[in-house]
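Visitor: Got these off Swiss-Prot a minute ago, pasting:
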SITE      R18  site 'Transition state stabilizer'
ACT_SITE  Y23  active site, proton acceptor
BINDING   N75, H81, D88, L102, S103, R112  substrate binding site
ACT_SITE  H101  active site, proton donor
Amino acid sequence: MPKLLLLHGPNLNRLGTREPERYGRLTLQDIETRLRSICDAAGVQLCSAQSNHEGELIDRIHAAADEGVEFIVINPAALTHTSVGLRDALLAVALPFIEVHLSNVHAREAFRQHSYLSDIAEGVITGLGADGYDFAARAAIRRMGGQA
């Protein structure tokens, strides 16, 4: 069974209560439930993790390569704009990935408009709220050869 890894960066564990006017009212669990339904219907195993710590996310990316993960959907959150380490981890495992952001980072502060990951991603989805995760999962499934 193909495997898709869903990774969430810092502060995303606060979804639903953190700035709901910007990030929406769905919780991280709500988003994962939606994606699990999409993946189950396509015969894809969904693995997921969230961490507020860069090193834990890097360790999870490294482990993904050893676990047979074929594709990653990642919302690196604030690490988007700061983490060379996350970039290097993704390059090291050479797994395709889609970068997702709930808010439109290009309509926000200047420091949020640079990503250390976008140029090495298969694609970037930004500003579509939780729907962005759905679109990313479906695109990843198709790229793994499945139907979504």
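Including glycine, each Cβ sits where the backbone N, Cα and C put it.
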Visitor: Where's the emptiest Cβ shell within 10 Å among the binding-site residues N75, S103?
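Guide: Relative to the other binding-site residues in N75, S103, S103 has the fewest Cβ atoms within 10 Å.
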Visitor: Starting from each candidate's C-beta and looking 10 angstroms out, tell me which of the recorded positions R18, H81 has the most other C-beta atoms.
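Guide: When each Cβ's neighbours within 10 Å are tallied, H81 leads.
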Visitor: Just to verify: the residue among D88, H101, L102 with the fewest other Cβ atoms within 10 Å, which of the recorded positions is it?
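Guide: Each of the recorded positions D88, H101, L102 was scored; lowest Cβ tally within 10 Å is D88.
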Visitor: Listing them in sequence order, which of the recorded positions R18, N75, H81, D88 have their Cα within 10 Å of that of H101 (active site, proton donor)?
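Guide: If one measures from the Cα of H101 (active site, proton donor), the recorded positions that come within 10 Å are N75.
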Visitor: Rounded to a whole number, how many Å is the Cα of S103 (substrate binding site) away from the Cα of R18 (site 'Transition state stabilizer')?
Guide: 13
Visitor: Spatially speaking, which of the binding-site residues N75, H81, D88, L102 is closest to R18 (site 'Transition state stabilizer')? Use C-alpha to C-alpha, please.
Guide: L102
